[in-house]
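Asker: Just dropping this structure here.
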Amino acid sequence: MSYILSPPVRTTCAHCGEDCPESDHPGAVPRFCCSGCRTVYTLLREHGMENFYRLDPAAGRSQRRYQRDDYDWLETEALAATLARYHDEEVWRVELELPAIHCIACVWLLERLPNLLPGVRRSQVDVTRKRATIEFDPRQTTLRAVAELLADIGYPPVLRRADTRQAGAADRSLLYRIGVAGFCFGNIMLLSFPEYLGLGEDAGATLIGRAIGPGMLLLSLPVLFYAATGFFRDAYTGLRLGRITLDFPIVVGMLALFGRSVYEIAGGSGSGYLDSLAGFVFFLLIGRWFQSYTFTRLSFERDYHDYFPIGAYRRDGAGNLEAVAVADVRTDDVLIVRPGQIIPTDGILLAASGAGIDYSFVTGESKRKRTAPGQAVFAGGRATGKALTLRVTRSADESYLMQLWRDGRRAGDAPVGPPHRMVGVFTGAVFLIALCTFIFWYRSDPATAYRAAVSVLIIACPCAIALAAPFAYGSLQRLLGRAGYYLSSAATIDRLAGVNTFVFDKTGTLIDSGVGHALTWMDSSRKGEAPVFLAMCRYSTHPRSQAIAAALAAEGMEAPTTTAPAEEEGRGLHLCWRGRVYRVGRADFCGLQDLPPGTYATVDGKAVLRLDTRPPRLRPGVRGALRELSTRGKVYLLSGDDPPKDNFWEAYFPADQLHFRMSPFTKQTFVEDLQRSGNRVLMVGDGLNDTGALRTADVGMAVSEDESAFSPACDAIVSARRLGFLPSVLLTCRRLRWVTRIAYGLALLYNLVGLSYAVSGALSPVVAAILMPASSITIVLVASTGAYLLYRHDLYHPGS
Amino acid sequence: MIVILLLILLSLLIAGGFLLAFFWAVGTGQYDDEVTPSIRILFDSEYTTNDD
């Protein structure tokens with residue numbers, strides 16, 4: 001294709017398709033937004049893999065915002081082996097999570113990894129789970145090389161200990177059960193055909209007629225003793241906890257069906273209701289499967305192991321560095337944390353000249369931390385500037401941050417279903433009707449009495465009721481995913497419908513995280529000097545320095561290796577390099593006069609650029625959402641920052657519902673206090689510091705700019721652009737309760753019709769075989785259509 | 001009429017074969033990822049530079 005060999009002149013990056021910054025070489029093609037993208041492009045060209053760009057011209061991942069991780073510790077085989085699913089001398093198999101996977105071209109590129117790196121034998125991508133299974137030969141390459149290559153081409157792996165459990169084992173068991181139930185259901189129906197056509201009486205006399213009954217019985221055994229075991233177990237668990245769950249009347253109905261059928265077949269009086277039994281189980285299992293849907297590409301159960309490094313560098317007595325697993329780090333070990341790495345344990349700094357620690361990931365707020373020897377540091381901070389040396393005071397599992405996870409951990413969700421009281425009343429009514437029927441018939445006709453009573457139990461089996469909630473909630477859960485709201489389970493919808501208090505974290509949740517600063521070039525002829533500023537600012541942990549560094553890196557600049565700048569606390573940075581004087585800081589620090597306050601960068605006293613701080617801006621739609629929510633319940637704002645001087649937030653929140661200087665623990669306690677006074681709380685946050693509050697709240701919702709990126713453990717992940725829809729989503733969840741109520745009403749109506757046959761002792765297998773699937777299918781249709789119509793009405797916006 | 005019995009057994013056998021095929025498909029992980037294979041099939045063979 002010619003356009004690959006000579007791409008048209010355009011101002012977007014040839015690799016990632018993002019806008020290119022102004023280039024020093026206008027007209028040069030292909031254009032790149034940064035040198036990282038250029039590297040990948042060249043690498044792919046060298047290996048004859050330009051077709052990557054044919055699949056999607058902007059398929060690549062931008063390399064601009066990407067900070068390279070340190071994979072040195074993977075050289076230590078004992079550590080690398082913990083990541084492998086299988087390894088021996090000839091082959092290693094690893095499953096790596098690559099959150100950057102997003103499109104067809106990703107699959108194409110990643111599955112051609114063997115072309116890029118000799119020694120890689122096979123690479124298989126799973127798009128939905130965002131994982132790649134990679135097999136390589138340890139004699140030719142190493143896990144470190146694989147990880148570094150993946151990072152270089154824009155797919156930095158998230159390294160985590162290999163999951164020893166078989167992936168998806170639980171789902172597979174359910175699939176097997178559905179297969180068995182479906183097989184038996186179909187074949188029992190086939191054998192029931194003479195009965196359906198009214199030939200049962202005649203066939204009973206023949207050999208075939210006599211063979212059919214035992215045949216059906218044989219086919220029903222796997223249904224009852226394999227496919228349906230889950231319902232027996234759930235009913236038993238419920239009873240042991242002193243609760244009547246919906247599984248109980250279902251199990252009673254199944255046993256009545258089976259017992260009655262065995263009695264009829266053994267006595268030669270009929271062929272029983274085994275088709276209905278198998279159909280029941282089949283439909284109910286499909287309901288369970290539908291409900292078990294999760295957004296596999298998102299992870300709602302991140303814990304600290306996923307965020308913290310697996311390996312750390314320990315200095316032994318002789319001063320040598322060795323890579324060890326963080327789990328093996330003990331108190332009083334001496335660790336070296338390199339720039340860019342995350343501190344794995346709490347400790348005390350031994351040496352840290354000029355080093356800084358960035359806690360923004362833990363606290364979510366951009367506060368600066370100065371470092372000094374003897375100072376306590378906490379796990380979760382990222383070392384910036386220089387390497388830190390620290391003595392461990394608490395092992396990783398006991399660290400301050402871990403307490404956030406330990407507290408407020410919630411048990412898994414129960415499956416959705418009708419309220420407990422309804423189940424109790426229903427079960428009681430069924431037994432009462434069965435008893436009355438029995439007493440009514442017993443005097444005149446004992447045989448009919450038994451038959452009618454058992455028929456009542458059979459026909460009242462609440463299969464349809466059990467299907468209503470899974471299909472209604474499951475459908476809405478899928479549809480909400482389209483609207484940018486990803487819920488961890490269908491039961492979250494029910495809890496969302498009940499919340500009446502709303503708590504928001506500030507930074508990153510209500511305001512855009514990246515728009516607080518603006519960079520202005522004052523002398524663009526000196527842009528060539530700007531990379532030095534980037535290098536200087538990287539040494540500093542001051543938020544302004546970080547903002548300048550981020551802005552320069554976003555322009556595609558690369559920092560040269562310089563010496564560390566001198567830092568004057570609160571004023572600025574100063575560096576003499578290659579005969580020139582570079583300064584970054586306040587106007588008076590830079591020697592500039594008559595200029596508005598701001599942060600400036602100068603070369604030899606001449607201003608090159610200025611950093612302005614813009615006022616915070618709410619995310620789109622949030623203003624209206626806040627107003628609407630405040631009509632539903634109290635809306636609180638929690639922030640770890642100091643209160644702003646301009647009372648920005650008082651336009652949106654009543655003053656007594658604004659809380660500043662909140663630590664992760666006080667946030668959690670705040671939510672607990674609200675719950676104690678009877679409120680049901682929706683917590684919306686984004687940082688790791690919100691984890692405790694997110695877990696404690698009735699619903700914890702994490703806001704994410706990029707759904708594939710890290711988000712703390714929560715019940716729901718919402719795409720940041722869609723936060724404004726929150727009131728509509730809550731409304732839909734509340735309205736969905738009406739859909740399930742209508743479905744329950746219909747199911748009860750079917751039950752009443754069936755019961756009228758049953759109490760009169762006239763329930764024939766054919767009536768049962770028609771009524772039961774008909775009711776189940778009606779309910780499934782009503783529940784899923786209802787959920788869809790609600791979504792269309794409240795949330796569907798064409799083109800959004 | 002006894003031949004119907006044979007036919008029923010045969011049909012059961014065939015259906016059982018499909019059931020086993022389903023078990024095999026689930027067991028070899030073909031239901032673990034339902035999206036990627038549908039993407040993979042879209043790549044023209046010319047894109048593959050070396051297949052083993």
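Cβ atoms are placed via backbone N, Cα and C, with glycine included.
Automated prediction, rather than curation, is the source of TrEMBL annotations.
According to TrEMBL, the domain 'HMA' annotation covers A:92-158. The transmembrane segment annotation in TrEMBL covers A:174-191, A:211-232, A:244-266, A:272-290, A:423-442, A:448-473, A:742-760, A:766-791.
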Asker: Applying the under-8 angstroms CB criterion, which one of A:174-191, A:244-266, A:448-473, A:742-760 scores highest with the transmembrane segment (A:211-232)?
Answerer: A:174-191
Asker: Is the transmembrane segment (A:742-760) in contact with the transmembrane segment (A:272-290), using at least 3 Cβ pairs under 8 Å (sequence separation of 6 or more) as the test?
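Answerer: Contact between the transmembrane segment (A:742-760) and the transmembrane segment (A:272-290): absent, because fewer than 3 Cβ pairs are under 8 Å.
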Asker: By Cβ distance under 8 Å, which residues at least 6 away from the ends of the transmembrane segment (A:174-191) in the same chain are close to it?
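Answerer: Hits for the transmembrane segment (A:174-191): 212, 215-216, 219-220, 222-223, 226-228, 230, 271, 274-275, 278-279, 281-282, 285-286, 288-289, 292, 769.
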Asker: With DSSP as the yardstick, break the domain 'HMA' (A:92-158) down into helix, strand and coil residue counts.
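Answerer: Per DSSP, the residues of the domain 'HMA' (A:92-158) fall into 22 helix, 20 strand, 25 coil.
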